[in-house]
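According to Swiss-Prot:
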- 3-23: transmembrane segment (TRANSMEM)
- 25-45: transmembrane segment (TRANSMEM)
- 59-79: transmembrane segment (TRANSMEM)
- 96-116: transmembrane segment (TRANSMEM)
- 122-142: transmembrane segment (TRANSMEM)
- 149-169: transmembrane segment (TRANSMEM)
- 178-198: transmembrane segment (TRANSMEM)
- 201-221: transmembrane segment (TRANSMEM)
- 239-259: transmembrane segment (TRANSMEM)
- 274-294: transmembrane segment (TRANSMEM)
- 326-346: transmembrane segment (TRANSMEM)
Amino acid sequence: MNPMILLMLLITILSGTSIVMMSSHWFLTWLGFEMNMMAMIPVLMKKYNPRAMEAATKYFLTQATASMILVLGIIINLIHSGQWTIMAMESYSASTLLTIALVMKLGLAPFHFWVPEVTQGVSLNSGLILLTWQKIAPLSLLYQIYSSVNTNILLVMSLLSIMVGGWGGLNQTQLRKIMAYSSIAHMGWMIMIMIYNPNLSLLNLLIYILMTSSMFMLLMFNSTISTLALSRTWNINPIITTTILIILLSLGGLPPLSGFMPKWMIIQELTKNDSVILPAVMAILALLNLFFYMRLAYSSSLTMFPTTNNTKMVWQFQPMNVSFMMTSLISISIMALPLTPLAMILY
């Protein structure tokens with residue numbers, strides 16, 4: 001793809017998300033979603049092949065269906081309230097339709113089926129945009145209307161997402177699918193705490209974006225897309241491989257890494273609201289994610305292929321031209337847990 005065309009598409013995606021975040025009018029919100037979707041489709045098809053075409057088609061069908069449900073909810077709310085303002089939610093059916101549309105765009109269970117397939121069919125940099133930046137616009141709109149939506153629907157969908165994100169990643173060998181199921185589980189945690197403390201949900205989103213961006217950057221740096229390829233990179237670039245495994249454990253929420261901080265704060269917030277069974281169930285389901293992350297770490301670093309001493313020579317190692325941005329993201333993704341007291345004060 002021509003770099004100028006790609007730059008225009010990325011600017012359009014940025015503009016669409018910004019419009020959704022800053023607008024208080026339903027028409028502008030819908031317009032921002034459409035700009036985002038139409039610019040994202042060519043980005044998904046950047047590498048022209050049948051898998052990318054199939055992934056872009058699935059993405060378009062899902063997002064178009066969600067947009068139709070969103071427009072239907074907007075029209076019903078307009079009939080009841082007579083206003084285009086986002087905060088003027090006076091219809092229960094409209095809020096339910098809007099919730100369904102937003103969780104479809106986010107990829108929460110039971111509307112999650114498109115996320116692993118689309119992520120697997122596109123390149124790593126397109127998957128990075130899909131699993132990070134594309135979550136911001138639906139979450140920002142849900143943040144604005146969370147007080148008007150049915151909390152029981154969000155509760156059930158978030159629990160299902162945590163469960164599906166754990167179970168779905170157990171037998172996966174493709175790293176992009178593993179990251180997709182990890183995204184589903186993290187979205188479940190964000191939506192769950194949004195019911196009780198929306199600001200904490202934004203903190204969770206920030207840490208998730210940092211960890212996922214670091215993971216995808218390292219995979220692109222290493223040109224790794226499967227667990228088999230990851231296990232073979234140890235003899236070539238052990239430092240990068242070790243960093244990938246540490247970030248995977250951070251995504252799983254293993255202390256004392258950064259990924260433990262949002263889970264810790266979410267469970268603490270739920271217990272403050274006299275909820276005991278719910279955080280216990282969430283913590284047990286989170287062990288599923290941690291299990292397949294630890295299994296991936298074990299198979300990649302502790303069970304290596306038989307090699308000769310010549311393969312471990314210095315001349316075999318690839319030069320590490322790591323950027324400052326990647327280094328900063330990796331550092332935050334691993335060592336942000338000491339900032340937990342400050343985060344508790346702010347949120």
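Count begins at 1; order follows the chain as displayed.
Each Cβ is built from the backbone N, Cα and C atoms, and glycine gets one as well.
The transmembrane segment (122-142) makes no contact with the transmembrane segment (239-259): fewer than 3 of their CB pairs lie within 8 A, with pairs spaced 6 or more apart in sequence. Sequence-distant contacts of the transmembrane segment (3-23), counting only residues of its own chain at least 6 positions beyond either end whose CB sits under 8 Å from a CB of the stretch, comprise 29, 31-40, 42-43, 46, 86, 129, 133, 136-137, 140-141.
Among 59-79, 149-169, 201-221, 274-294, 59-79 has the largest number of CB pairs under 8 A with the transmembrane segment (25-45).
Distant neighbours of the transmembrane segment (149-169): 92, 95-96, 98-100, 103, 108-110, 112, 116, 142, 177-178, 181-189, 191-192, 194-195, 281-282, 285-289, 291-292; these residues of the same chain sit at least 6 beyond its ends, with a Cβ under 8 Å from one of its Cβ atoms.
Distant neighbours of the transmembrane segment (239-259): 182, 186, 207, 210-212, 214-215, 218-219, 221-222, 224, 230, 233, 286, 289-290, 293-294, 296-297, 300-301, 320, 330, 332-337; these residues of the same chain sit at least 6 beyond its ends, with a Cβ under 8 Å from one of its Cβ atoms.
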